Amino acid sequence: MGNNVVVLGTQWGDEGKGKIVDLLTERAKYVVRYQGGHNAGHTLVINGEKTVLHLIPSGILRENVTSIIGNGVVLSPAALMKEMKELEDRGIPVRERLLLSEACPLILDYHVALDNAREKARGAKAIGTTGRGIGPAYEDKVARRGLRVGDLFDKETFAEKLKEVMEYHNFQLVNYYKVEAVDYQKVLDDTMAVADILTSMVVDVSDLLDQARQRGDFVMFEGAQGTLLDIDHGTYPYVTSSNTTAGGVATGSGLGPRYVDYVLGILKAYSTRVGAGPFPTELFDETGEFLCKQGNEYGATTGRRRRTGWLDTVAVRRAVQLNSLSGFCLTKLDVLDGLKEVKLCVAYRMPDGREVTTTPLAADDWKGVEPIYETMPGWSESTFGVKDRSGLPQAALNYIKRIEELTGVPIDIISTGPDRTETMILRDPFDA
């Protein structure tokens, strides 16, 4: 039985993690975010009502679940307050269900200013960040000058630390990027206005999770972004600023690494990517347009159109390695309905003519990589909302089986629509 289950993306994010976390939390006592910030965008559809969460874990809609933001998450007080208000206006008692680690680094206005100034300065070489201050906040953490939730317990000391770090960053903003300084008093006042709310939710997350483990409670760890955006293992420098792989669970929450029981990789039936960076199977033709339109491929956080392409099993195999995946949840299979043929990338042809079945690491090494495809018959029947495997067309079943063969990982869950009821659970991770 798997008490500690990790749910993470196996591609470049936007795989459909939020819905699956929400579905599986029916049995969980805790849902934990362990990396990223409000650059994530998790969309849940329950009884036709749509909820988009950026920072708060997807378990917040369940009254039986306690949601936890772990130390690996960079926390924007402004974003958290906005999200809390939206949920509380709908009658969801967020403060009764949400806990925070005091070690969460804070994202403040100067981080956002730095993020946007840098992207503008990069010009054509812009990474395509969400402009939310995520990267600069992680930089401050590593440089040991970052302010954390725990600093808010001593308001006087917080004000002194804030002044010091803002002098440092404002010097850079004004003298290097030639933009306006961020106002110290405003940042201080805004943060102090919500300090008591934040500190009232603080808990020792590592201790809580260890006690939960000893009791045998079910815990779900919710990843944000995707494996191929990992700061260490992704398409660097076109990556996010945190560890999106399963290793981030231990460092970003305080759970001992030996206690992860099952890692569920969310796998979209085709590939998408937001922002710049390598994408060997990207389609620029009418099929790419079809996938974008049918899949409604626009970012939940930025509204940007996602780049679309065929499923890349070479890249997915890298995700299998990095995360020691136990099983897949295949999402958005219905988007492929109506295509005469579907393709799977099974290898890459390198610029020197070699065929390889593993991904390069640095983004520069992906230049000139061509996908080698395996073509399979498509299906005309609708798979949307199908709740039983026997209701799927044979061609769709063949596609599923081939993915399992190419990756060596079973598909344990199949999602056929945005609602939590439109799902086939072939093997429940908590029972695995």
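From the backbone N, Cα and C atoms, a Cβ is placed for every residue, glycine too.
What Swiss-Prot records for 13-19, 41-43, Arg306, 332-334, 415-417 is GTP binding site, and it gives sequence analysis as the kind of evidence. Mapped onto three states, the DSSP output places Arg306 (substrate binding site) in coil.
The DSSP secondary structure for Asp14 (Mg(2+) binding site) is coil. According to Swiss-Prot, the Mg(2+) binding site annotation covers Asp14, Gly41, on the basis of sequence analysis.
The Cβ neighbour count for Asp14 (Mg(2+) binding site), using a 10 Å radius over every protein chain in view, is 28. Under the heading IMP binding site, Swiss-Prot lists Asp14, Glu15, Gly16, Lys17, Asn39, Ala40, Gly41, His42, Thr130, Arg144, Gln225, Thr240, Arg304.
As annotated by Swiss-Prot, active site, proton acceptor applies to Asp14.
Classification of His42 (active site, proton donor) by DSSP places it within a strand. The active site, proton donor annotation in Swiss-Prot covers His42, and the record cites sequence analysis as its basis.
Look at Swiss-Prot and you will find Ala300, Thr301, Thr302, Gly303, Arg304, Arg305, Arg306 tagged as substrate binding site, backed by sequence analysis. Residue environment of Arg306 (substrate binding site) contains 20 other Cβ atoms, counted within 10 Å of its Cβ in all protein chains.
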Across all chains shown, how many C-beta atoms besides its own are within 10 angstroms of the C-beta of Thr416 (GTP binding site)? 24
If you tally other C-beta atoms within 10 angstroms for each of the binding-site residues Gly13, Gly303, the top scorer is Gly13
With Cβ-Cβ distance below 8 Å and at least 6 positions apart along the chain, what are the contacts of Thr302 (substrate binding site)? List them in sequence order. Gly41, Thr130, Val274
